[in-house]
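TrEMBL has this to say about the protein:
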- 13, 46, 66, 76, 77, 159, 192, 210, 211, 220, 221: substrate binding site (BINDING)
- 75: active site (ACT_SITE)
- 75: active site, proton donor (ACT_SITE)
- 219: active site, proton acceptor (ACT_SITE)
- 270: site 'Important for dimerization' (SITE)
Ligand SMILES: N[C@@H](CCC[C@H](N)C(=O)O)C(=O)O
């Protein structure tokens, strides 16, 4: 059986996207790992499925799989690509698209110049809901890693994130600490790990070691979590340009209990077919 897909990217975070409404797709983890493989498959950080709606008042269900085959709750760069995909493939003619995810409903707004604005919902800070093991909620926590005590912020954007502050993101130990923190026992569902350098209250640089994918050129939910963590520590304003290796995202967040907005590009790279 041949399955149609579109290769997409948002700031170099890349995706293989399937219309799973007109095609029957079984997202078996072994097959997802094969698709994501950059030598034996198509190559991507995540595989995305567009499915019929499951939640009330939504038009589609958005499912996300990491390159390691695990299904996850949320993906910010993928959400922008999802909006472009359903519009470009004629699955909707709307500019404002309500979509269900495993983390709840989000809203996608198609704008000019390939930009998509996403209502990412209200960030979660309660440790038990992240999930993160801690007695009480705090703006930062001490975490023991490799016999060292690190200070991390813990935030969920539907998916879990740890955020570390660094002096110089180019020299941050992403490859060494990322994999250790990803599987730290205080993050029982594993965690995405962001290394953030604050440039000034309106600008930050960020690299993210993603759960189930390794370091990517950009992580949308990582940028949202970095903004939340920076603001909770009193270091960032409510409108911040987050500079990632693959490009920039604009993140807006008025503060705790409020909806967070992410704006950035989304692009189709090519269409293909793969034999299953
Ligand atoms: N690239 C993503 C996040 C994808 C999921 C993540 N690796 C996880 O396991 O939670 C983004 O742009 O947000």
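Backbone N, Cα and C define each Cβ position, glycine as well.
Same-chain neighbours of the substrate site beyond 13, 46, 66, 76, 77, 159, 192, 210, 211, 220, 221, judged by a C-beta within 8 angstroms of the site's C-beta center, are, in sequence order, 45, 64, 72, 74, 75, 78, 208, 213, 216, 219, 222. Across the binding-site residues listed here (13, 66, 77, 192), the residue whose Cβ sits among the most other Cβ atoms within 10 Å is 77. With residue 13 (substrate binding site) as the anchor, the candidate recorded positions are 75, 219, 270, and the one with the nearest CA is 219.
Residue 77 (substrate binding site) sits 7 Å from residue 219 (active site, proton acceptor), taking the C-alpha atoms as the reference points. Of the recorded residues, the residue listed as 'active site, proton acceptor' and the residue listed as 'active site' place their C-alpha atoms 8 Å from one another.
Long-range Cβ neighbours of residue 211 (substrate binding site) (same chain, at least 6 residues apart, Cβ-Cβ under 8 Å): 66, 70, 72, 159, 160, 182, 190, 191, 192, 193.
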